[in-house]
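*Asks:* In case it's useful when we look at the structure, here is the feature table from Swiss-Prot:
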- 263: active site (ACT_SITE)
- 366: active site (ACT_SITE)
- 19-30: compositional bias 'Polar residues' (COMPBIAS)
- 414-434: intramembrane segment (INTRAMEM)
- 22: phosphoserine (MOD_RES)
- 25: phosphoserine (MOD_RES)
- 30: phosphoserine (MOD_RES)
- 52: phosphoserine (MOD_RES)
- 1-70: region 'Disordered' (REGION)
- 1-87: topological domain 'Cytoplasmic' (TOPO_DOM)
- 109-138: topological domain 'Lumenal' (TOPO_DOM)
- 160-166: topological domain 'Cytoplasmic' (TOPO_DOM)
- 188-200: topological domain 'Lumenal' (TOPO_DOM)
- 245-249: topological domain 'Lumenal' (TOPO_DOM)
- 271-361: topological domain 'Cytoplasmic' (TOPO_DOM)
- 383-388: topological domain 'Lumenal' (TOPO_DOM)
- 410-413: topological domain 'Cytoplasmic' (TOPO_DOM)
- 435-448: topological domain 'Cytoplasmic' (TOPO_DOM)
- 88-108: transmembrane segment (TRANSMEM)
- 139-159: transmembrane segment (TRANSMEM)
- 167-187: transmembrane segment (TRANSMEM)
- 201-221: transmembrane segment (TRANSMEM)
- 224-244: transmembrane segment (TRANSMEM)
- 250-270: transmembrane segment (TRANSMEM)
- 362-382: transmembrane segment (TRANSMEM)
- 389-409: transmembrane segment (TRANSMEM)
């Protein structure tokens with residue numbers, strides 16, 4: 001699932017990201033200062049309104065573009081192109097890093113390519129000589145796996161709809177604990193064993209403890225944005241490696257195709273669970289839990305100013321009970337708030353508004369299944385680099401097209417269908433057509 005979000009300026013001093021950020025109430029002002037500020041604000045507003053009316057009379061369509069006052073024609077398109085290219089880079093880097101970690105592990109650590117077990121969600125084995133029976137077992141495994149995903153997604157949406165936040169946080173914290181401590185311990189142990197690096201258990205436990213503790217703080221509380229993004233990429237790679245190891249070969253490919261179809265239905269259907277989750281979060285003006293979403297920019301959730309198109313560009317601030325208490329001075333008289341005016345063309349506020357960027361949010365499930373596809377291409381079949389690179393390029397092309405559609409439709413879109421479809425097409429075509437062709441050329445010592 002891929003969505004846009006409002007973000008802070010690139011020049012913002014704060015470099016931390018958190019799901020809960022406190023908003024400070026403005027300092028109470030005296031009655032005289034408030035009245036004086038109100039009079040000054042009214043005079044400035046009248047002067048600006050008269051000036052804008054004169055400009056509007058000269059050219060009515062001068063500063064009207066897509067319903068945004070104070071923005072000349074063509075600027076919206078330029079911003080879309082600018083942010084579109086930036087968003088592509090913002091998502092290409094983490095997706096590429098996640099897939100590189102998975103492929104590098106698959107190519108070097110034999111533990112994740114050895115088949116010595118299956119997940120409980122895929123109980124049917126594929127070790128049968130009959131092709132039909134193997135295909136049937138893979139379809140049955142896919143049905144069970146997709147059913148589990150659907151049930152758990154609906155359960156999560158119901159919990160969020162009825163505001164069971166503590167239960168959801170406990171669920172996510174438990175999952176993060178397993179990934180950051182148990183799976184990291186297994187991963188680090190296998191890597192050290194592969195490269196024949198000796199390490200005593202106290203040092204190993206201390207390393208895993210430090211890694212997991214910092215990750216829990218960054219993901220579920222607050223910390224540097226780059227560090228949180230790195231932890232989200234790492235836990236996605238660890239989860240993808242588990243799927244690559246324990247999913248049967250044919251079942252993995254059928255599951256990838258089925259999960260892309262489910263993602264399409266869950267996000268675009270009016271009653272789809274993921275769409276209901278996003279709409280509920282937007283109605284409540286709340287962020288989706290950071291343990292489920294990778295965000296490319298800072299998220300401000302409390303005290304964040306919101307531009308409401310229905311108010312004709314006026315700056316809307318969320319209601320804060322503390323502000324209501326602070327609006328009265330020590331004598332019990334109300335103090336007059338400052339007057340907020342939208343930035344007009346030619347004023348410094350417009351530059352600040354243009355510098356604001358919108359971030360992109362991509363679900364961690366998309367990272368996981370992207371990496372599963374590339375990792376399976378590297379681990380199964382021939383496992384040559386041509387097939388792996390073809391799947392890698394296909395996923396990036398699909399992600400780029402998805403971002404293009406996101407810029408056009410400006411709503412939450414599924415990120416799996418296009419990328420997974422391209423990846424499957426590139427995998428089977430490269431593995432069955434390109435690889436035999438190149439092997440034949442190499443055997444005859446012909447080079448193109």
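Every residue gets a Cβ built from N, Cα and C, even glycine.
Give me the lay of the land around each of these features.
*Replies:* Counting Cβ atoms from all protein chains shown, residue 263 (active site) has 24 others lying within 10 Å of its own Cβ. Under the DSSP three-state reduction, residue 263 (active site) is assigned to helix.
Around residue 366 (active site), the same-chain residues six or more apart in sequence whose CB sits under 8 Å from its CB are 1, 2, 415, 416, 419, listed in sequence order.
The list of residues near the intramembrane segment (414-434) in space but at least 6 beyond its ends in sequence, with Cβ under 8 angstroms from a Cβ of it, reads 1-2, 253, 256-257, 259-261, 263-264, 266-268, 274, 362-363, 365-366, 369-370, 373-374, 377, 381-382, 386-387, 390-391, 393-395, 397-399, 401-402.
Taken as a whole, the topological domain 'Cytoplasmic' (1-87) shows an average pLDDT of 47 in this prediction.
Counting same-chain residues at least six beyond the ends of the topological domain 'Lumenal' (109-138), those with a Cβ under 8 angstroms from any Cβ of the stretch are 144-145, 148, 190-191, 193-194, 241, 244-251, 253-254, 375, 379.
Long-range contacts of the topological domain 'Cytoplasmic' (160-166) within the same chain, counting only residues at least 6 positions beyond its ends with a Cβ under 8 Å from a Cβ of the stretch, are 276-277, 280-281.
Across the topological domain 'Lumenal' (188-200), DSSP helix (H, G, I), strand (E, B) and coil residues number 7 helix, 0 strand, 6 coil.
Residues of the same chain lying 6 or more positions beyond the ends of the topological domain 'Lumenal' (245-249) and with a Cβ under 8 Å from any Cβ of it are 111-115, 117-119, 122, 125-126, 137-138, 141, 255, 372, 376, 380.
The DSSP breakdown of the topological domain 'Lumenal' (383-388) into helical (H, G, I), extended (E, B) and coil residues amounts to 4 helix, 0 strand, 2 coil.
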*Asks:* So, does the transmembrane segment (88-108) come close enough to the transmembrane segment (224-244) to give 3+ Cβ pairs below 8 Å, pairs being at least 6 apart in sequence?
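*Replies:* Counting Cβ pairs under 8 Å (6 or more apart in sequence), the transmembrane segment (224-244) reaches the transmembrane segment (88-108), since there are 3 or more.
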*Asks:* If we call contact 3 or more Cβ pairs under 8 Å (sequence gap 6 or more), are the transmembrane segment (389-409) and the transmembrane segment (201-221) touching?
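*Replies:* The answer is no, given that the two segments have fewer than 3 Cβ pairs within the 8 Å cut-off.
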*Asks:* By Cβ distance under 8 Å, which residues at least 6 away from the ends of the topological domain 'Lumenal' (188-200) in the same chain are close to it?
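*Replies:* Beyond its ends, the topological domain 'Lumenal' (188-200) has Cβ neighbours at 105, 108-112, 207-208.
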*Asks:* State the three-class DSSP label for residue 366 (active site), counting H, G and I as helix, E and B as strand, and everything else as coil.
*Replies:* helix
*Asks:* Which listed stretch (167-187, 201-221, 362-382) has the most C-beta pairs under 8 A with the transmembrane segment (88-108)?
*Replies:* 362-382
*Asks:* Counting only residues 6 or more past its boundaries, what in the same chain has a CB within less than 8 Å of a CB in the topological domain 'Lumenal' (383-388)?
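*Replies:* Result: 103, 374, 377, 427, 430-431, 434-435, 438.
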